[in-house]
Amino acid sequence: MNLFQTIFTGSNQAVSAAEGLLKQAIEQKGRDHKVAFPDTAYALPVIYAATGIKITTLGELEGAIGIVKSLIVEELQLTQALNAGLATAVSAEIIEAIKYAMNETPYEAPCAGHISDPIIRSLGVPLVTGDIPGVAVVLGECPDSATAAKVIKDYQSKGLLTFLVGKVIDQAIEGNVKMGLELRVIPLGYDVTSVIHVVSVAIRASLIFGAVEPGKLDKHMEYTKNRVPAFVNAFGPLSELVVSAGAGAIALGFPVITDQVVPEVPTLLLTQKDYDKFVATSLEARGIKIKITELPIPVAFAAAFEGERIRKED
Amino acid sequence: MSDQFISIYQTSEEQLLEKAVQDGVETMWDRKAAMKAPCGFGEKGICCRICAMGPCRISPVAGKGAQRGICGATADVIVARNLARMVAAGTASHSDHARDIAHVMHMASRDGNFKIRDEKKLLDLASEWGVKTEDRDIYEVAHEVAEIALNEFGKPFGTLRFLERAPEKRKKVWDDLQIRPRAIDREIATILHSTHIGCTGDAESLLHMSMRTALADGWGGSMIGTVFSDILYGTPVPRETESNLGVLDEKQVNIILHGHEPSLSEMIVMASLDPEMQKLAKKVGAEGINLAGMCCTGNEVTMRHGVKIAGNFYQQEMAVLTGAVEAVIVDVQCIFPSLVPITECYHTKFITTSPKAKITGATHIEFHEDRALESAKAIVREAIENFKNRKKEKVFIPTEKSSGVVGYSVEAIIKQLDKVVNPHIDPMGTIKPLADVIKAGVLRGAVGIVGCNNPKSKHDYSHIEIMKKMIANDVIVVTTGCAAQAAVKAGLTNKDARKLAGQGLATVCELVDIPPVLHLGSCVDISRIMTIVGEVAKHMDLDNSDLPVAGIAPEWMSEKAVAIANYVVATGIDTFLGITPPVTGSEEVMDIMTNRVEAMTGAKFFIEEDPHVLADKVLSRIEEKRQKLGI
């Protein structure tokens with residue numbers, strides 16, 4: 001299947017999954033049931049940024065499904081492929097919103113799920129000053145936990161903020177990666193759709209720090225492309241859904257680097273099979289330059305370890 | 001941008017044509033009108049005059065009137081023969097051009113006017129051709145390489161060396177069809193032989209021969225022309241230029257360089273920069289010398305020196321009509337003999353320089369390659385001294401001009417592509433980024449838009465309309481010749497033109513820092529296009545004919561265009577003609593060209609005079625090829 005068709009397939013899967021879940025949710029809770037993410041002033045941030053509409057009930061989500069469908073136009077051109085990627089992002093947000101609507105605490109440790117506004121605000125300054133030089137979204141499953149830990153620790157030692165999605169979370173734990181906001185490694189969730197919680201961070205950065213008007217999707221995409229130095233590392237076999245989500249990342253200006261064979265797009269969608277070069281490849285692709293003064297000390301040294309707590313048993 | 005271009009262009013052209021009426025000057029339009037309706041037999045290619053039993057003509061209606069010539073040749077044979085001779089003439093033109101350049105390289109010397117400027121390219125070619133380079137003087141190497149090239153024209157055995165540059169799968173196609181050209185001149189001679197009365201009487205065989213001869217152009221003459229010009233005059237790199245008649249300057253000595261061979265134009269460029277010439281220009285009251293190119297020689301000097309482009313083929317008379325041109329310096333090919341009567345109405349000197357293209361009534365100052373600079377200075381001096389004869393009251397220079405970037409040789413394109421290579425994954429200096437975006441679908445395909453101007457079509461309109469449609473649909477355009485000059489005039493070779501492109505192409509243009517339409521040079525530089533397509537095919541382990549690419553000649557005119565179209569199809573690239581060739585008188589020839597040839601070369605001809613319909617056909621054919629590849 002050609003790349004764009006793969007994206008469309010994934011987008012259609014995403015929207016029908018969202019539609020199915022929504023139908024179930026409405027049957028169980030009714031159309032007036034409240035929908036919201038905790039601690040945010042931006043309702044469902046991706047939908048809000050894209051359309052200017054604040055969704056508050058399950059019933060209103062039905063309208064959002066219509067928006068998603070209108071974004072999927074199966075013409076084989078980049079514009080349509082990127083729009084389909086955005087459609088997947090919106091579908092993911094709908095699915096995640098339903099999770100929160102149906103369950104008080106859909107996410108439990110170690111997973112963070114939705115990231116609150118205060119946390120984003122706290123990240124704003126170090127992002128602007130370059131103290132956080134980049135945002136890595138690591139998703140899928142590495143060939144082994146040692147590889148996962150190596151890549152994640154490398155980002156950590158370079159001061160990047162790393163979000164984890166999927167089995168790589170378990171691999172990171174197994175690889176003794178220390179996690180937490182202050183350590184700049186945040187596991188989001190095991191479902192692919194939980195990746196939307198990092199998209200939501202980027203989009204809220206545009207709303208909060210960029211003061212971009214809600215509804216001006218183009219301007220938001222311009223902001224994320226130019227100002228949010230994020231990129232995606234997708235490990236392991238890629239489903240159509242993941243490829244389609246990747247198109248959403250590319251639409252926001254975030255390159256995707258994978259260990260799988262895909263039709264490459266220079267600077268945007270790259271295959272790197274050498275795990276030792278994964279970090280360097282990713283930083284180059286996003287144009288992240290890190291000023292490093294490496295100190296010859298036996299432990300990792302970086303701002304990411306500033307908030308670390310040394311427990312008694314350590 | 002380009003809509004504006006067409007209408008602005010029309011306005012200034014109308015003004016110049018009005019001026020022509022006032023000044024009592026005849027233009028190509030007057031002569032076109034005087035032709036009245038063209039002869040239907042010639043138009044369909046069913047008129048034959050290759051022997052003295054004729055002229056013969058075949059009835060265009062099957063079963064009615066003369067169905068065979070006196071010798072018995074059918075319409076199929078006559079049409080194929082006429083077409084074959086067009087191919088031979090086109091191939092001869094490009095090849096004689098190339099031969100001269102190879103000769104010049106043979107006389108290049110360290111202290112002479114002609115030097116080796118791209119040593120790397122020469123050394124690469126030397127090793128490709130098995131010429132020893134170690135511990136040898138570069139000029140010794142050059143002379144040996146030049147001699148090998150000169151032998152390509154008439155060697156008694158073997159086939160052309162540059163064919164080896166093609167993808168393996170393409171070489172096999174050529175072998176299977178037995179159309180690998182042998183020596184260049186030999187193929188031209190063979191065509192002339194086989195089209196003699198009483199020789200080949202089979203249309204398909206003639207079309208085979210036409211392809212073989214045409215390949216001797218694209219992968220022989222033209223490729224030698226391009227490679228050797230790069231070695232002698234430098235491989236082009238991106239640079240800014242301006243185009244349209246607005247580049248003429250009222251205050252300077254305006255010299256139009258028109259024709260094809262860069263050996264002359266390079267020397268004229270050098271001569272015009274000479275302090276002695278500059279001083280002379282001041283002395284006659286001009287602010288300086290303003291060189292402006294036209295047609296392919298214009299492309300050569302703009303690619304290498306950024307010399308401004310006055311215009312393309314059909315503007316050659318218009319340039320003189322401005323009354324501001326001191327001299328039109330020409331060498332060979334596509335030069336209107338009407339420049340004699342038209343320059344006589346003004347002070348303009350029409351200077352021919354090549355013994356291969358003398359024109360009655362023109363001032364002939366022969367260009368001698370063995371004393372090139374001196375020779376060029378004599379020509380430039382003649383132009384400068386003519387400044388004082390300019391009649392101010394007759395001067396009208398349209399103000400329109402556009403800027404653009406030119407200079408995209410294959411090497412320059414690969415260098416641009418290096419910008420998007422991630423050094424942790426891929427090596428630099430390859431075509432991979434281009435292959436990748438095509439494979440992924442970000443670019444749907446690539447087309448080469450080439451060719452002439454033709455009064456049968458609203459000039460430049462088809463070029464521009466098709467280019468616009470291609471780029472809007474994420475198809476990158478490479479262009480050469482007069483099509484390229486139309487693109488520069490329309491602003492399409494400007495980096496800003498990416499806003500007219502689809503998101504895929506616009507993204508590529510932004511990342512790679514290129515305009516959506518790339519100017520690759522003159523008509524012989526179509527060999528650069530063959531090279532790029534071949535490199536992409538090799539990278540993807542495919543044949544050229546598998547790729548979503550096409551060649552388009554929207555406003556073609558010359559026999560050279562016919563040769564080009566034939567080698568492009570023989571190279572495996574679909575070719576779209578915006579002007580109907582004189583072949584419609586034979587169903588058989590039409591069937592071979594637009595249908596059966598696909599089974600032979602993997603590509604075929606499309607004939608479509610409506611530029612919008614043509615563009616749609618190109619796009620759907622590109623998608624068809626993608627689908628076959630599963631990309």
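Cβ coordinates are placed from backbone N, Cα and C, and glycine is handled just like the others.
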Quiz item: Which of these, B:Cys39, B:Cys71, does TrEMBL say binds [4Fe-4S] cluster 2 at the same site as B:Cys48, B:Cys51, B:Cys56?
Solution: B:Cys71
Quiz item: Out of B:Cys334, B:Cys509, which does TrEMBL tie to the same [Ni-4Fe-4S] cluster site as B:His260, B:Cys296, B:Cys452, B:Cys482, B:Cys523?
Solution: B:Cys334
Exercise. Tell me the Cβ contacts of B:Cys71 ([4Fe-4S] cluster 2 binding site) under 8 Å, same chain only and six or more apart in sequence, or just say none.
Key: B:Cys51, B:Met53, B:Cys56, B:Ile197, B:Gly198
Quiz prompt | Using Cα positions only, nearest of the binding-site residues to B:Cys452 ([Ni-4Fe-4S] cluster binding site) (B:Cys39, B:Cys47, B:Cys48) | solution = B:Cys39
Exercise. Translate the DSSP assignment of B:His260 ([Ni-4Fe-4S] cluster binding site) into the three-state scheme.
Key: coil
Self-check item: Inter-residue Cα distance where the pair is B:Cys296 ([Ni-4Fe-4S] cluster binding site) and B:Cys39 ([4Fe-4S] cluster 1 binding site), in Å
Solution: 30
Exercise. Any same-chain residues 6+ apart from B:Cys523 ([Ni-4Fe-4S] cluster binding site) with CB under 8 Å of its CB? Would you list them in sequence order, or say none?
Key: B:His94, B:Ser222, B:His260, B:Cys296, B:Val450, B:Thr480, B:Gly481, B:Lys560, B:Ile564
Quiz item: Could you tell me the C-alpha distance between B:Cys334 ([Ni-4Fe-4S] cluster binding site) and B:Cys47 ([4Fe-4S] cluster 1 binding site) in angstrom, no decimals?
Solution: 24
Exercise. List, in sequence order, the residues of the same chain other than B:Cys48, B:Cys51, B:Cys56, B:Cys71 whose Cβ lies within 8 Å of the centroid of the Cβ atoms of the recorded [4Fe-4S] cluster 2 site.
Key: B:Arg49, B:Ile50, B:Met53, B:Gly54, B:Pro55, B:Gly69, B:Ile70, B:Ala73, B:Ile78, B:Ile197
Self-check item: All-chain count of other Cβ atoms within 10 Å of B:Cys39 ([4Fe-4S] cluster 1 binding site)
Solution: 11
Practice problem: For B:Cys48 ([4Fe-4S] cluster 2 binding site), write down the residues of its own chain that are at least 6 apart in sequence and whose Cβ falls under 8 Å from its Cβ; none is a fine answer. | Solution: B:Gly54, B:Pro55, B:Cys56, B:Arg57, B:Gly69, B:Ala73, B:Ile78, B:Arg81, B:Asn82
Quiz item: Which one of these binding-site residues has the most other Cβ atoms within 10 Å of its own Cβ: B:Cys51, B:Cys56, B:Cys482?
Solution: B:Cys482
Quiz item: Secondary structure at B:Cys296 ([Ni-4Fe-4S] cluster binding site) (DSSP, helix/strand/coil)?
Solution: helix
